[in-house]
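Feature annotations, courtesy of Swiss-Prot:
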ACT_SITE  CYS92  active site, proton donor/acceptor
ACT_SITE  CYS204  active site, proton donor/acceptor
BINDING   ASP28, SER29, TYR60, GLY61, ASN93, THR94, THR205, HIS206  substrate binding site
Amino acid sequence: MATKLQDGNTPCLAATPSEPRPTVLVFDSGVGGLSVYDEIRHLLPDLHYIYAFDNVAFPYGEKSEVFIVERVVEIVTAVQERYPLALAVVACNTASTVSLPALREKFDFPVVGVVPAIKPAARLTANGIVGLLATRGTVKRSYTHELIARFANECQIEMLGSAEMVELAEAKLHGEDVSLDALKRILRPWLRMKEPPDTVVLGCTHFPLLQEELLQVLPEGTRLVDSGAAIARRTAWLLEHEAPDAKSADANIAFCMAMTPEAEQLLPVLQRYGFETLEKLAVLG
């Protein structure tokens, strides 16, 4: 079957028919959500997956909460109008911390969010020092501090907010090399500590894409913890117990918000993740 880039108004070649499968949307502002999708797909390979990324408003980390909520609701609504959804995963820490209540109020399918894996990190740490690596927005939000107070109040939490690491992860998926010097500069506050964190929470879904490089830069033995596997297990449970019967026999598809040259360059990456086509999604506003 041919695989094509598609504009929103361009007809596509029909996918080879298959058995209808529950339709699951994985959404992020960029491509970081692919790390979460990969965990879900590993556990649940036989679903109909849609990946949507907002390359118009990326990155969300510096946007206002009102903007993020309105934007995420608009995009999920547009996808739902094309494909009835059994479940949606907001695979973006920034969007999850602010948009889940609005999404759950509007839609009758389950909506799963991503939160920093502070609870498991607090259990894993040996020296009691946990690093939280996230966007500046996630580091500053009260929700993050509530998680720390609830699950890690006996740990020393060292937080680093970085928008640059999001850009490095996006560049890696575009085929560019990741600068270890840049990572060392970002992580310098920890690397200079007499006793640095022995467990690091990857509090942005982009950051697992940089796991290999992070392990080269951080002290030997540092544990990296993210939410991907837990999100996959939660998705499996909800699909079995609470999701509506929304299925499709279509091939997996990815949506961008603007068909830019940069988005087109992602097609080979998306194909490796199992998405047949990349199409522009028409979004109001």
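Any Cβ shown, glycine's included, is placed from N, Cα and C.
Structure coloured by features recorded in Swiss-Prot.
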residue	record	CB count, 10 Å
ASP28	substrate binding site	30
SER29	substrate binding site	30
TYR60	substrate binding site	26
GLY61	substrate binding site	24
CYS92	active site, proton donor/acceptor	32
ASN93	substrate binding site	29
THR94	substrate binding site	29
CYS204	active site, proton donor/acceptor	33
THR205	substrate binding site	33
HIS206	substrate binding site	31
* **Conformational class of ASP28 (substrate binding site) under the three-state DSSP mapping** => strand
* Out of SER29, TYR60, CYS92, ASN93, THR94, give those recorded positions positioned within 10 angstroms of CYS204 (active site, proton donor/acceptor), comparing C-alpha atoms, in sequence order. => CYS92, ASN93, THR94
* Asked: Which chain neighbours of the substrate site, leaving out ASP28, SER29, TYR60, GLY61, ASN93, THR94, THR205, HIS206, have a Cβ atom within 8 Å of the mean position of the site's Cβ atoms?
  -> GLY30, GLY32, GLY33, PRO59, CYS92, ALA95, THR135, VAL166, CYS204
* To do: Compare all C-alpha positions of ASP28, SER29, TYR60, GLY61, ASN93, THR94, THR205, HIS206, the record's substrate binders, and send over the largest distance in angstrom.
  => 12
* Structural state of THR94 (substrate binding site), classified by DSSP into three states -> helix
* Rounded inter-Cα distance in Å - ASP28 (substrate binding site), CYS92 (active site, proton donor/acceptor) -> 5
* GLY61 (substrate binding site) to CYS92 (active site, proton donor/acceptor) - Cα separation in whole Å -> 10
* Can you grab the distance from SER29 (substrate binding site) over to CYS92 (active site, proton donor/acceptor)? Cα atoms, rounded to a whole Å. => 7
* Structure fact -> Rounding to whole Å, the Cα atoms of TYR60 (substrate binding site) and CYS92 (active site, proton donor/acceptor) are apart by 9
